[in-house]
Amino acid sequence: MDRQFWTYLGWRVLQSLVIIAIVIVGSFLLLHLVPGDMVDVLGGQRGDMDAELMATLRERYGLDQPVLVQLLNYVGSVLQGDLGYSYRNATDVLSLVLQRLPATILLVVCSVITAVFFGTMAGVIAARHAHRPIDVIISMIVLVFYATPIFLTGLGLVIVFSVKLKLLPIGGLITPGVDFSFLELVGDVALHLILPVFSLSLFYIAIYARLARASMLQVLDQDYIRTAYAKGLSTYNVIIGHALRNALLPVVTMVGLQIAELFGGAVLTETIFSLPGVGRLAYDAVFERDYPLILGVLLVCAFIIIVVNLIIDIIYTLLDPRVEISR
Amino acid sequence: MQEQEQGAALLDVRKLSVLIKQSSRQKVRAVDAVSFSVGVGETLALVGESGAGKSLTAMAIMRLHKAQSMGVEADSIRLDGQELSTLSDREIRKIRGSTMAMIFQDPLSSLNPVLTVERQLVEAIRLHNDMSAAAARQRALELLDMVRIPAAKSRLGEYSHRLSGGMRQRVMIAMALAGNPKLILADEPTTALDVTISAQILDLLRELQTELGVGMLFITHDLHAVRSIAHRVAVMYSGRIVETGNVEDVFSRPHHPYTEGLLAARPHGSFSLDGHKLREIPGTVPSPADRPAGCAFGPRCNRSQPDCESQPPSLRNETGARTSFACYHPLKEVPA
Ligand SMILES: Nc1ncnc2c1ncn2[C@@H]1O[C@H](COP(=O)(O)OP(=O)(O)O)[C@@H](O)[C@H]1O
Ligand code: SF4
Ligand SMILES: [Mg+2]
C-alpha cells in the first residue's frame with residue numbers, strides 16, 4: 001500500500017460522504033412531496049383525532065416548521081446518530097434498523113458470495129469447454145436461472161425442499177423456542193438461509209456465469225496466456241494462475257453495479273421467507289406510511305451500498321495493478 | 001562472426017505442414033512441408049514477408065498452435081535427439097519452457113498484466129527446476145542480471161505496464177532462459193521495439209547465444225537483423241522455404257528471384273522490409289487459400305516461364321551454387 005493508494009482512498013471516502021449527503025437531502029425532500037404528513041396518516045388511521053390534537057402533535061414533532069428548517073433539524077440529528085422516532089413502532093428508528101440489519105447483511109453477503117463463486121465457476125468451466133456439450137448444458141441451465149423471477153424461484157424451492165421433502169425450514173431465520181449452543185445456532189441459521197440465498201442469487205449466478213464465460217474466452221485468447229503455455233504450464237494452472245484473475249475483473253465491476261439491485265431483491269426475498277431483515281421493515285414501513293422509518297431505512301441502505309462499493313473498488317485496484325489510482 | 005559452427009543438428013524438422021480449417025470440409029496448408037535444421041550453438045533466421053507462415057512454423061514446433069482450428073503434420077521434428085511429433089501433450093509440456101523456449105513479438109501483451117515480474121519469473125524457474133522459493137528468487141535475480149536489467153532487485157516487484165518496451169522484452173528473455181533451454185525460438189523479438197532498443201535486444205540475444213551455446217530459430221522480416229545475428233538463413237514465401245544457405249552466401253549470391261527481390265527492395269542502407277516497402281516486387285503474397293498451382297511466386301516473378309505453373313519447385317542444391325533454392329529458372333550470376 002503506497003501513498004498513492006491512501007490518497008485515492010481518501011478521495012473515495014470524501015466522494016462517498018458527498019453522495020450520502022445528497023441521499024439524505026434527496027430522500028427527505030422526496031418524502032415531503034408526498035401529500036399529507038405523519039399526523040394526517042395517524043389521524044386517518046385512528047379517525048378520532050380532532051384538529052387541536054393534530055396541531056399539538058405537529059408542534060411537538062416540529063412538523064409545523066418550514067421544510068428547510070425541518071431538513072436542517074433532520075440533518076442535525078442524523079449527524080448525532082439519531083435517525084428519528086417511529087411512531088408506529090414506538091421505538092427510535094436507528095435501533096429498529098440495527099436490530100434488523102444482521103439478517104439482511106447475512107442474506108446479501110451470502111448471496112453475493114454464492115453468486116460470484118458459482119457463477120464464476122460455471123462460466124470458467126463453460127469457457128474451458130467452449131462449444132462442447134458441457135458448455136451447452138451450462139448455457140441452458142444458466143438461461144433457466146436467468147429467466148426465472150425471484151419470487152417464483154423462492155416459492156418453487158420452498159415447495160420442493162420444505163413442503164414436499166421437508167429438508168429445510170419454510171421461513172424465518174432461527175427456529176423459535178429452542179435453546180441453542182453457539183455452534184447449533186450457526187447451523188440453524190445456515191439451514192434457514194439456504195433457500196433465501198439461492199432464491200436471491202440464482203439470477204446473479206446466471207449473470208456472472210455468462211459474464212465470466214465471455215471474459216474468460218477473451219482472456220484465453222490473449223498473448224500472455226500463450227506465454228504461460230509456452231512456459232510448460234498445464235491448462236489447469238494456466239487458467240487458475242494466469243487467466244482467472246484477469247477474467248474476474250468484469251465480474252467484480254458488475255457486482256459493484258448490481259449491489260443496489262440486490263438489496264431490492266433482498267426485500268422481496270425477506271418477504272417470501274419471512275426473514276426479520278431491513279427489507280421486511282421497509283416493506284411494512286411503506287405500507288404504514290411510517291416516514292421516519294422509511295427515511296432511516298433508505299439512509300442505512302444507501303450507506304451500506306456506498307461502503308460496499310468502496311470495498312469493491314479497493315478489491316478491484318488490488319486485483320488489477322493497471323488501474324490508475326490517482327484522481 | 002558468421003563462421004559456420006554447425007554441430008550435430010539440435011533441431012531437425014522434416015516436412016512440417018500446418019493446416020488451417022477454413023470450414024468443416026476445407027483446409028488450407030498455411031505451412032507446406034518445410035524442412036530445416038538448427039545446429040547446436042547456431043542461429044537460423046527464418047525470414048519472409050508477413051503472412052509467409054513463419055510464426056505458424058515456430059508455434060507448430062512448440063505445439064502452441066490453436067488445436068481446434070489447426071492441424072500439424074510432420075515426417076519428423078527432432079529436438080536434441082528426441083522425436084517431438086509423437087509425444088503426448090503431457091510429455092511436450094515438460095519440454096516446453098525447458099529444452100525449448102520461446103520469445104514473442106509484443107512483450108507488453110505477452111506478459112501477464114496482473115502478475116509481478118517476480119511471480120512470472122519464479123513460476124518459470126520452479127516449473128522446471130526443483131528449487132525452494134528463496135533459491136528461485138535468487139535465480140530470478142541472476143537471470144535479470146544476465147539480461148542486463150539494472151537494479152534487478154527493485155524490478156522484481158514491478159508489473160509489466162510500469163516497464164519500458166526494452167525492459168519488458170528483457171524480462172521475456174529472462175523467462176525463456178529460466179528452464180535452461182537448448183533451443184530458443186524468437187518470433188520477431190525486436191519488431192515491436194524502436195530502432196535503438198531493437199539493436200540492444202539484438203546484441204543481447206547474440207551475446208547470450210554465444211555465452212550459453214544455445215541454438216536459435218530467429219524469425220524476422222528485418223534483413224538487417226538477419227545479417228547481424230544469424231549464421232544461416234531460410235527465406236520463406238507463402239508457406240514454403242524458397243531458399244536457404246549461409247547468410248553471406250544468400251545475401252551476396254541469391255539464386256531465387258524472390259530472395260533477389262527482397263534484397264533489391266530494401267531501401268538505401270536499411271534492410272527493413274515491411275511488406276509495403278517492397279515496391280520492386282509488384283503484387284502481394286498470395287494467401288494460402290489461393291496459392292497458384294505451380295510456383296507460388298510465379299505471378300510476381302519476372303523470370304517465370306510456362307513450366308513454372310506445372311507444380312511447385314522443390315528445394316534443391318545445384319552444382320556450383322552455394323545455397324539451396326526452389327526455382328526452375330534460378331539466377332546464376334552475382335547480381336549487380
Ligand atoms: N489463427 C489463425 N487463423 C486463421 N489463419 C491464420 C491464423 N494464424 C495464421 N493464419 C494464416 O496463416 C498464414 C501464415 O501466418 P503466420 O505464420 O502468422 O505468418 P508470419 O508469421 O510469417 O507473418 C497467414 O496467411 C495467416 O493468414
Ligand atoms: S520457379 Fe519460375 S516462377 Fe518460380 S521463382 Fe523460379 S522462375 Fe520464378
Ligand atoms: Mg508472425
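Quick reminder: no glycine exception, Cβ is built from N, Cα and C everywhere.
Annotation comment: TrEMBL describes A:101-316 as domain 'ABC transmembrane type-1'.
Positions annotated as transmembrane segment by TrEMBL: A:12-34 (among others). Sequence-distant contacts of the transmembrane segment (A:12-34) (same chain, six or more residues past either end, CB-CB distance under 8 Å): 67, 70-71, 74-75, 78, 291, 294-295, 298-299, 302-303, 306-307, 309-310, 313.
Summarising the annotation, TrEMBL assigns transmembrane segment to A:103-125 (among others).
Annotation comment: TrEMBL describes A:137-163 (among others) as transmembrane segment.
As annotated by TrEMBL, transmembrane segment applies to A:189-209 (among others).
Residues or ranges marked as transmembrane segment in TrEMBL: A:247-273 (among others).
The annotation transmembrane segment is assigned in TrEMBL to A:293-319 (among others). If one looks beyond the transmembrane segment (A:293-319) by at least 6 residues along the same chain, the residues whose Cβ comes under 8 Å of a Cβ in the stretch are 5, 8-9, 12-13, 16, 19-20, 23-24, 27-28, 31, 74, 78, 83-84, 86, 88-89, 93-94, 96-97, 101, 105, 245, 248-249, 252-253, 255-256, 259-260, 263, 278, 281-282, 285-286, 325.
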Spatial neighbours of the transmembrane segment (A:137-163) far in sequence, C-beta under 8 Å, 6+ residues away: 122, 125-126, 169-171, 195-196, 198-200, 202-203, 205-207, 209-210, 213, 265, 268-269, 272-273
Spatial neighbours of the transmembrane segment (A:247-273) far in sequence, C-beta under 8 Å, 6+ residues away: 103-104, 107-108, 111-112, 115-116, 119-120, 123-124, 127, 150-151, 154-155, 158, 170-172, 192, 195-196, 199-200, 203-204, 207-208, 211-212, 215-216, 218-219, 279-280, 282-283, 301, 304-305, 308-309, 312-313, 315-316, 319-320
